[in-house]
Structures are given as C-alpha cells and as structure tokens.
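Okay, so here's the structure we're looking at.
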Amino acid sequence: MYITLLTIVFAGIAYREARFIRKHGVKPALLPFTVILVLAFLYNITTIVYRELPSPNAWIKAVFAPLQAWIV
Amino acid sequence: MKKISQLELGLLLCLFNYSTMVGFWIGPLAGIASYSGWAVLPIAAIIGSSAAGVTVWLGNRLDDRMPGHSGGMLQTFLALLLTVPAFGFFLHQAAYIMKEFTDFMAQMYLPTTPEWLLTALFLYTAAIAVRSGLETIVRCASGFFFVVFMASLLAPLLVTKDVNFDRSIALVTHFRFDSMWEAVYKTAPWFGESFFVLFLLPRIDAPQRTYRTLLIASIGSSLVTAFYYIYSMLLFGQSVTAHLTYPVMEVIRYVRIGDFLENMDPLMEAIWTASIFIKLCTLLYIVTLLMTRIVKVKDGRPFSFVTAAIVFGIVNQMNVSTTELNDFFQSSWATFAWFIVLSTILVLALYLSFAKMNAAAYQTPSEEGG
C-alpha cells in the first residue's frame, strides 16, 4: 500500500513538473530532472524494502565520532 | 527580481538560529555546560557566525567569479568540491530537523498519527514555499519574526513566581573551562550553518554588510535562547533540565493565567512551529539551489518536490528513537559541521587564489606596463 502511494505521488510530481518544464521552454532541464526523480524514487523504495540499510547518521557517526572524542 | 535587504536577511537568520536551538539544544547543553551554558551561547554565536562570515567574505571577493558560473577543469572541480559537500550537509540537516520535529509532534500532540504522514504533510508545505521562491520564504520570515519573538519573550515572564531565584548565584559561580570548551565546540556549528548565505550572495542587497548582519542575528537569537536557558535552569535545576527531552516546553507548561487559560503550550508550540517551518524551507531552498548548480540548470523550481522527496526518504531511513538521534547529534554532528564549514573556507580560498593566478597569467604586457 505504502509503495503504491509513493508511486502515485512520484507519478504526480513527474507529470506536473514535466509539464512545467515543457511549458516554460527549459527543455534541457528535463533530462537532469528525470534522472534525479528516478534516483529519488529508487532511494525511497530502497529505504522501505531494506529497513536495515544504514542511515546517513551511521556513516557520519562512524567517520566523525572518533575525531570528536579526540577533540573534546 | 527584487534583492533581499540586510534587514530581511537578519530576520530570517534570527528565526533560522533560534528555532532549533531553543527546541532541541537546551537539554543537551545543560548536560554539558551546566549553569555556565547561558554564557556559552553568545560565545558560540560569535565563533559560529565568524566562521560563516569568513565564507561570506571570501564569497564577496569572488563576486562574479563565483564557483559554478564558468571556468576551466580545475575551477569546475573546485566548484564541485564546494557545492557537493554543502549539498550533502544541508540535505542531511533538513532531514535531521524534520525528524526531530516529527518525533516531537508525534510524542507530544499526535501520538496516533503515523510519523510518515506528519513528515509528508510538513515537507509538502515546505516544498510549495520553496517552489514559490526565496522572496516568499524571506517575506514569511519577516512576518513570523515579530509574532515568534514577542511570544517567546513574553511567555517565560508569566512563570516568574515559580522560579527558584536562589539558584541564580550558580549562574555566576559555575564556570569550568573544560565543560565550556566542549559546549562551545558543540554549539558554535548551530550558528556556523548559516554559511548557506554564501550561496545566496548574488540575491542579497549590499552583500559587503552581510557579516555584520550574521553577527547581530546570531547574537540576538543566542540571547533569546539564553533567556530560556536561564529560566529552565532556575525552574528545574541542572539535572532535571539535562534529562528533559524538551525543557522549554515544560517551562511553557508552567504558565497558567487565571482559571481560563491553563495550557498555553499548544499555542506556543504552534507559534514556534512557524520558525521551524522557515528553517526547513530555507534548508530545502539551499538544497534545491545547489542541486540545480550541480546539474547546471537555470531554474530550480521543478526540483523542489524532488528535493522534498529525497528528504522524506532520509527521514524514513533515520527511523530511530529520539535518544539515539540525540546521541548521534552529540557524538559526531558538531565535528561533521565544522568539517564542512572549514572545508568550504579552504576550497573558496583555493578558488580565489587560482582565479587570481589565472587573471595574472592572462594579463597583457600593455596592462602590466600601465
């Protein structure tokens, strides 16, 4: 259900913004927009399917926590 | 397009700094700095805004050679080195604030509402504001400023009768260098994150006065936060303040005006939410702006909803408890933020020196003679 809802939302964004880009004549923007939209969609799906995927917090903590412990 | 005045920028920065500091940082700060936390806030404001000021100063010296406009391969590389880490930082920051706010709302007022729905609705509203442009966000901030700060300054005065003034002596006797150093180190990046102004320089009127605005706004918002900090400490003491998740909300809950108004906290939280909204909109706008620079597109409006969707994904991925989130924040975020601010300064300095070298190399002999 959640994934279906997400797909509908992304389809809505794609339709609305693609129409906006075409209407305002900024055609070269359509390609980067499509790429980023697809990446955002895949990312959202991945976070739902793989719940154990480490969040950005985990990466930041792994890199910077030892450094901060040394500084303060 | 109308440029943003320094006054408008100052009001935006006041809300930007105040919103999260007062909501999420008073408890952890009490745990680190105890009764000296009130002094830590203005010191951190000066240090943080000075770091942001250096980026703005370097940005002003670059003027029309701002990274991302044009240049050779090296300049393009440096431009990417400047925008990509900042993009990641602000994207993460937007998601972090969204997550903190969602947790707060879900715990306090909407326990039966799914968190993802709260996130989605709030982000949707923010994305609409971002799509409308920077001018809309700045005007919103100017409108909200007086409501937020008037309410924030008046509300604590209504709990004065419950305050234990005997504790106030500790405010001038409890100064320990090691705890203050740690607190300043962890608090200053809250103000340092206003280096986002660097990316808005072409849209700001009289950009050479930006550092002064940054400093005044940071000190102003730190003093209002210190005001709440002192009230929390005098009302609850150090230990309780440090262990409360949202001490300011507990201060507001003490307010009782006669028999007719017993709970002022929903009203105050609604007003404070406006400042969180401004901060989130500003962060989303910056992320969208940087994304358009990375992919070299002129109009960023179609990207606002996509940016919001990415933030939504990160918030869902950060599906941890408030305690875990606070632990992450206290153990590593400050260093992460310092790293981004300092690397931005370094990259800008490199960019400026390369730009100067290029200008000198292309100077004609007649120009040299003249």
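Each residue, glycine too, has its Cβ placed from N, Cα and C.
Note: TrEMBL annotation is automatic and uncurated.
According to TrEMBL, the feature transmembrane segment maps to B:7-26, B:38-60, B:72-96, B:116-134, B:141-159, B:183-201, B:213-231, B:270-291, B:303-320, B:332-354.
When each of the listed stretches B:7-26, B:141-159, B:183-201, B:213-231, B:270-291 is scored by C-beta pairs under 8 angstroms to the transmembrane segment (B:72-96), B:270-291 comes out highest. The stretch in closest packing with the transmembrane segment (B:183-201), judged by the count of Cβ pairs under 8 Å and taken from B:7-26, B:141-159, B:332-354, is B:332-354. Away from its own ends, the transmembrane segment (B:332-354) comes close to residues 51-52, 54-55, 58-59, 61-62, 65, 67, 74-75, 78-79, 81-82, 85-86, 89, 96, 185-186, 188-189, 192-193, 195, 198 of its chain (Cβ-Cβ under 8 Å, at least six residues beyond either end). Taking residue pairs at least 6 apart in sequence, the transmembrane segment (B:213-231) and the transmembrane segment (B:38-60) share three or more C-beta contacts under 8 angstroms.
Across B:116-134, B:141-159, B:213-231, B:270-291, B:303-320, stretch B:213-231 shows the highest tally of CB pairs under 8 A with the transmembrane segment (B:7-26).
Cβ atoms under 8 Å from those of the transmembrane segment (B:141-159) belong to residues 8, 11-12, 14-16, 18, 22, 224, 227-228, 231, 235, 251-252, 254-255, 257, 264, 268, 271-272, 274-275, 278 of the same chain, restricted to positions at least 6 beyond its ends.
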